[in-house]
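Participant: One structure is given below, represented as structure tokens, and several questions about it will come after.
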Amino acid sequence: YHSRPMLGSEYEQLGAFLETVAFAAAPTFLREVFEYDRTNVAFQSTVPHGLQSGERKSWFVLFQNVSGFFVHPVGLEVLVDHSSLDISQWAVSRVFYNGQYYRDMVQLESAYVQGRISVEKVRKAPWDGDFSSMKPRAPSAALFPLQFEPQGPRYSVRNNHVLFQAWSFAFGLSVSTGLRLFDIRHKGERVAYEISVQEALSVYGSNCPGGMSTRYMDGSFGLGRYTSPLVRGVDCPYSATYVDTPSLSGSLRPEKRKASICIFEQNLGSPLRRHYSNLQSLYYGGLVNSALVIRSIATVGNYDYVWDFIFYQNGAIEGKVQATGYPSSSFFHGDGLRYGNRLWEHTLGTIHTLSINYKVDLDVGGVKNSLVAHDMAFEMTRAPWNPEQQIERPRLTKKVLDTEDQAAFRLQSKMPRYIYFAANSKNKWGHQRGYRIQITSFAGDHIPEASSMERAISWARYQLAVTRHKEEEPTSTSIYNQNDPWTPTVAFADFINNETITNEDLVAWITAGFLHIPHSEDIPNTVTVGNSVGFLLRPYNYYDLDPSIYSHDGVFFTSKQDFTACEINPLACLPKTASCLPNFPPFTYDGFQNM
């Protein structure tokens, strides 16, 4: 029971405890140092709750209660023991202020009254947060570019089923893990049974107790539960399709989350493929890179995660997350620069890793697959036409990965550059049909395996691990791992036990992430540019040729054709077919209702 996630009721009880019990023991200190009036401080609690199994103790870090409070620490942190089910037994276990530890609030008050405390007064911020305000510093000017569909959407959404050109899939939103897809098909053939987010992990460093003990496993809070309503024109294109989703969490009845998913086709402004020929024959051939995107955005505390799954016309699927929101911070003091950068007068942006885990249950040409690795090696050979000369040429290396141990690639280890799920069938050219896994990641180091809590997040040891599909291994983690990582309910490392994975139903577990060292440009908050990681699933000999050649969007004309004629070049029709702006629906937003 001690490992349960925190409910809103427990947070309310803890807030009341801090106000009526803990703070009541240090009235002079709070009044004179913080001008405390019961409304001007905000709390952020740390997880996991304690340092060993069975504990439920939380550091509460105090901030000024202003917009963007995450970057307004005031220097006071309070450790509360709330293990007992009897609230009257809750107690303050330790207090930290400006680099010094105290037994409790009584000792802090006594030391302050006696003049034995080094006080660092924080300038009172206005309600909008001043430097942390996201209010634009410039007036509106010319409107930014808009995207629209001249002849209406080329996709359809019916309940939770999406059709787009050769693609079809079902989508859902898990309370814990957020956006997930099922039964993904291309040209009518299943490519994947499930593609889903599993966890978002952040491991922080600091010279303050709250920061140094923080390991957020955001699935326990709820990546779906904290999916935020999407804003037209910013979070998604204005004319996207917005989908409401039901959610059952922390209440007896499901709630409707308005506009929590958006679906849209996006012209990426570049060619998917092209060639201009000025040798022999003169022609141009190309295809605009237009893809379908399904998106949700989760706001978990200070972080905002933009979750995308993207479907391309060549049969590729991309899973991507972009991180934004506010950086987490500690009060700047002492040797703080060992743990981050100073962002403002009293604000230390604390170093942390962010690791995202995905489950990718591919079914390539059927349920039974094998895992194959292709790479390269240079070989030295004598030029057959001139044996006195040596040529270094790259050659293809091939290996079938037979066991789960061989298919578990540690985070910073070298991994074959082409690794793919291979079907039992072959394409026209005699190659095993396959889907390649390509990971984009800039991950920081994993927590040392000697750590007592590492097994709870052992999925983060691996950039890729492929295991046999088992009904008893549906997820890589558990919501209960957050608050008792020392006795984890699910330990992913146990999934890997050297079983054979040749011609079996396989699952890929992918970890992508980055190291974030907050810097001054993270004020007022972090941008998505450069903070995007994920993976691609790409056809590898799956088809006999690129399936996008059958796209209706293709453009081709020769030097001898009239490329201004619509029947030759559809782009020539744009002045006629896209001459009118669409009727955009009025702007609405339900994000501040029923909070």
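Just so it is clear, glycine is given a Cβ too, placed from its N, Cα and C backbone atoms.
What TrEMBL records for this protein is below:
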{"type": "DOMAIN", "residues": "4-99", "note": "domain 'Copper amine oxidase N3-terminal'"}
{"type": "DOMAIN", "residues": "147-549", "note": "domain 'Copper amine oxidase catalytic'"}
{"type": "ACT_SITE", "residues": "Asp218", "note": "active site, proton acceptor"}
{"type": "MOD_RES", "residues": "Tyr303", "note": "2',4',5'-topaquinone"}
{"type": "ACT_SITE", "residues": "Tyr303", "note": "active site, schiff-base intermediate with substrate"}
Participant: Ten-angstrom check, please: count other Cβ atoms within 10 Å of the Cβ of Tyr303 (2',4',5'-topaquinone), all chains counted.
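Facilitator: Around the Cβ of Tyr303 (2',4',5'-topaquinone), 24 other Cβ atoms lie within 10 Å.
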Participant: Mean pLDDT over the domain 'Copper amine oxidase catalytic' (147-549): what is the value?
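Facilitator: In the predicted model, the domain 'Copper amine oxidase catalytic' (147-549) has a mean pLDDT of 96.
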Participant: How many helix, strand and coil residues does the domain 'Copper amine oxidase N3-terminal' (4-99) contain under DSSP?
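Facilitator: Secondary-structure composition of the domain 'Copper amine oxidase N3-terminal' (4-99): 32 helix, 29 strand, 35 coil.
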Participant: Reported as an integer number of Å, what is the Cα distance between Tyr303 (2',4',5'-topaquinone) and the residue listed as 'active site, proton acceptor'?
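Facilitator: Pair distance, Cα basis, whole Å: 10 Å.
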Participant: What's the number of neighbouring CB atoms sitting within 10 A of the CB on the residue listed as 'active site, proton acceptor'?
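Facilitator: The Cβ of the residue listed as 'active site, proton acceptor' has 25 Cβ neighbours within 10 Å.
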